[in-house]
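First the structure, in the form of structure tokens, and then the observations on it.
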Amino acid sequence: MKYEKLVDRFIAYAKVNTRSNETSTTIPSDPKEVAFLAKLASEIKELGFADVRTMKDGYLFARIPASKGKETVDPIGFIAHVDTADFNAENIQPEVHENYDGESVIKLNDDYNLDPAVFPNLHNYKGHTLITTDGTTLLGADDKAGVAEIITAMSYLLDHPQIQHGEIEIAFGPDEEIGVGADHFDTKNFAAKFAFTVDGSIKGELEWATFSASAAVIKAVGTQVHPSSGFGKLINPLIAIIDVFNLLPNERPENTKGDQGYYYLLNLDGDGDSAMANLIIRDFKRDGLAKRKQILADAVKKVNSAYPHLVLELSQHDQYYNMADILKDHMESVHLAEAAFKALSIEADEQPVRGGTDGSKITFLGLPTPNIFTGAENLHGRYEFASVQDMELATDVILKIIELHSK
Ligand SMILES: [Zn+2]
């Protein structure tokens, strides 16, 4: 095997619980992430990465210096996140299934299976070695696969000094899954001209267009009186919020696809006294996002106007923007990745992502950062799995990007 340590590295990282914490007000959101990043720091120092440093925002930065004679090549960067999604991450036990036949049901435990009838994508992995969960946790390949691939590619370069390359910047960060990790990414201290997040999924993914995103909180204060004497007096805050949602266009994640945006009610909590809802709005176009925010604001206003006093309060904030708005004028990084895919006979899938990436934020901070695949699927839950062959390919892509760029 070309990358002897890739699998061991990935499994070792996957076993560490680094679930981020949405309710935290600090970045990194959880001490578990800090501890894992500190361990990574000593590991990459030992491997020979230069300039290993922890930044104020929790990011671990490092550098692979240019080969002699390649100092004038523009530095490029690779970025991955260490936190895992909002799913059980206690006692993760990755399981290796060698030479999968592309047909069988993979038993995770007595209650859960990976069944090609449910996940037909499994047919694509005939002959692959798959790494799955034991059915009780997520795997965390999102994005421990990216971390392992970047470290493996860099350590390959360090072990093969005959490969000539320019300077490479590396960053491992916290809290991607709760959408805040990259908010303060220190582009000024990250010397790359452009970078890649290694945080995609299926082989071939090359993502440079994402949603533009905004989040809304609706708070409602009701008037609680006994229902027997409620006539004309009782105001039910839960109903007020439901009324708002029913005024919105019927565009929801479950009935939109492709380039269509949506409104998504994340939660609704409360009682007769007060209630609160969180929802998110997604649209590929900036003006489309603005229009949807206005529709929500108008709906709140309309419901409020039916009451004798203010019942609903709305706050909205933008989360990230479609990175294609910037990247369309800075396509060098995308073209480089396309060339690397082509050289490795990987068919590029450049469909806009119905989501965002750390790259969306980092791109808007001034560092063009498309996203490439990691070789894992069914992310964020117990059905997550990674293909060893595709993880190797992702590692090949990183090295090929560097090789082509350094010519
Ligand atoms: Zn991710």
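Placed from the backbone N, Cα and C atoms, the Cβ positions cover glycine too.
Fair warning: this is a prediction, and the values are worked out from it, not measured in the lab.
What TrEMBL says about this protein:
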- Asp83: active site (ACT_SITE)
- Glu176: active site, proton acceptor (ACT_SITE)
- His81, Asp142, Asp199: Zn(2+) 1 binding site (BINDING)
- Asp142, Glu177, His380: Zn(2+) 2 binding site (BINDING)
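TrEMBL feature annotations superimposed on the structure.
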| residue | record | contacts (Cβ under 8 Å, 6+ apart) |
| --- | --- | --- |
| His81 | Zn(2+) 1 binding site | Asp143, Gly146, Val147, Phe172, Gly173, Pro174, Asp175, Glu176, Glu177, Gly181, Thr197, Asp199, Asp358 |
| Asp83 | active site | Thr18, Arg19, Ser20, Pro28, Ser29, Asp30, Glu33, Pro174, Asp175, Glu176, Glu177, Ile178, Gly181 |
| Asp142 | Zn(2+) 1 binding site | Thr84, Ala85, Glu177, Asp199, Ser201, Thr374, Ala376, Leu379, His380, Glu384 |
Reduce the DSSP letter at Glu177 (Zn(2+) 2 binding site) to three states and note it down.
coil
Entries of Asp83, Asp142, Glu176, Asp199, His380 (recorded positions) sitting next to ligand 1, with Cβ under 6 Å as the cut-off:
Asp142, Glu176, Asp199
Give me the sequence-ordered set of same-chain residues, not including His81, Asp142, Asp199, with a C-beta within 8 angstroms of the centroid of the Zn(2+) 1 site's C-beta atoms.
Ala80, Asp143, Gly146, Glu176, Glu177, Thr197, Val198, Thr357, Asp358, Thr374
If you count other C-beta atoms within 10 angstroms, which of the recorded positions Glu176, Glu177, Asp199 is the most crowded?
Glu176
Let me know the DSSP-derived helix, strand or coil state of His81 (Zn(2+) 1 binding site), please.
strand
Per DSSP, three-state class assigned to Asp199 (Zn(2+) 1 binding site):
coil
If you count Cβ atoms within 10 Å of the Cβ of His380 (Zn(2+) 2 binding site), leaving out that atom itself, what do you get?
16
Chain-mates of Asp142, Glu177, His380 with C-beta within 8 Å of site centroid, Zn(2+) 2:
Thr84, Ala85, Asp86, Phe87, Leu138, Gly140, Asp143, Glu176, Leu379
Please classify the secondary structure at Asp142 (Zn(2+) 1 binding site) using three-state DSSP.
helix
